[in-house]
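Down below is the structure, laid out as structure tokens.
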Amino acid sequence: PAPFTLPLRVAAATNRVVAPTPGPETPAERRADGLALALEPALESAAGAANFLAMVDNLQGDSGRGYYLEMLIGTPPQKLQILVDTGSSNFAVAGAPHSYIDTYFDTERSSTYRSKGFDVTVKYTQGSWTGFVGEDLVTIPKGFNSSFLVNIATIFESENFFLPGIKWNGILGLAYATLAKPSSSLETFFDSLVTQANIPNVFSMQMCGAGLPVAGSGTNGGSLVLGGIEPSLYKGDIWYTPIKEEWYYQIEILKLEIGGQSLNLDCREYNADKAIVDSGTTLLRLPQKVFDAVVEAVARASLLYIQPMMGAGLNYECYRFGISPSTNALVIGATVMEGFYVIFDRARKRVGFAASPCAEIAGAAVSEISGPFSTEDIASNCVPAQSLSEPILWIVSYALMSVCGAILLVLIVLLLLPFRCQRRPRDPEVVNDESSLVRHRWK
């Protein structure tokens with residue numbers, strides 16, 4: 001993938017599980033000119049109920065149709081395949097038959113399901129769904145030896161959400177509660193898991209879709225490690241970059257190069273209006289101005305940025321351009337994430353990247369991490385001033401609606417007042433000229 005420059009610091013490779021814990025920065029870790037380099041000691045895992053080795057290869061799928069995890073939901077357990085999405089925060093499963101899925105969660109068959117009595121609608125860049133909100137027991141067979149009580153939405157209506165060819169029938173949103181619908185007060189799946197399983201507030205992903213699909217099946221698989229980092233899933237060092245805001249996994253992009261040449265754009269263009277890491281997005285999505293510059297640079301350098309496509313025809317090898325324009329964000333999607341082992345360290349507000357052993361073609365790595373780089377030519381702050389976050393926008397919207405409602409009520413009272421005056425007994429000393437009352441009312 002086209003190389004990014006991010007404000008990074010590196011952690012040493014380790015031969016045991018790393019479980020990052022929150023704590024103050026040491027002087028050696030402090031960021032200098034947007035970049036720092038520091039070694040970190042390995043820490044023992046606190047994940048008593050989690051077996052990280054059992055989580056290796058617990059994902060199926062590929063970047064084109066998503067990576068999904070097997071879950072058992074309800075009592076008795078019903079098996080479903082759940083799409084892993086770091087760009088949303090709701091946990092939802094199909095709750096009714098659909099032509100594009102092979103199974104769904106039947107709440108009436110579960111003795112432990114409890115409805116919460118309200119609906120929720122979630123909209124994505126592509127597609128949307130509406131479901132009933134409830135709670136039930138969930139088991140993750142590969143990695144945990146117990147069940148957890150979590151909030152779950154059962155989808156009864158959707159549009160462009162379930163698509164032809166998919167092999168999953170639900171979605172697991174792993175972003176922050178800020179993005180949860182209908183409000184951030186609805187506890188997310190991962191927050192529930194951290195509390196009930198007593199695991200560190202960190203998870204990591206390896207998606208093995210880089211290069212040609214294994215045996216032409218279009219299913220490459222990967223690993224979702226809930227509660228820490230599994231050393232066998234990466235090589236070399238882990239490089240971390242700070243999370244700028246806890247809603248999406250928003251990071252800061254300093255520079256983007258094509259063929260070794262910088263695009264020479266103001267770094268704020270890369271972060272307009274945010275830059276996020278999102279496993280639920282297939283492509284690398286770039287703001288329109290950045291996308292145009294990339295296309296021009298690719299053409300000028302005679303480079304191709306392509307992905308193999310399966311199923312287009314028996315006699316063809318088809319590829320697609322792995323980058324698309326975006327109107328509202330730079331999104332590091334599966335196209336880029338497949339080259340790395342990605343750590344979402346929520347405890348220390350950072351995202352880590354390490355070289356992935358499965359990101360190879362004919363023994364050659366498709367991605368690499370290097371640095372540190374000088375940031376002398378980079379603006380001091382590449383992240384534009386944040387617009388109002390969604391919860392604040394909702395508060396402002398409700399306040400404006402209340403004001404409008406009050407004004408409307410006053411107008412209705414004013415319109416009805418003349419008629420009430422007409423019904424009163426006539427008083428010869430009172431002026432009952434309606435037009436006069438109106439004129440006085442508006443003076």
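Heads up, the Cβ atoms here are built off N, Cα and C, so glycines get one too.
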Of the candidates Cys208, Cys267, the one sharing a disulfide with Cys358 in TrEMBL: Cys208
Recorded disulfide counterpart of Cys267 (TrEMBL; options Cys318, Cys382): Cys382
Asp278 (active site) and Cys382 (disulfide bond), Cα-Cα, nearest whole angstrom: 20
Distance from Asp85 (active site) back to Asn145 (N-linked glycosylation site), taken between C-alpha atoms, in Å: 23
Subset of recorded positions (Cys208, Cys267, Asp278, Cys358) lying within 10 A of Asp85 (active site), CA to CA, in sequence order: Asp278
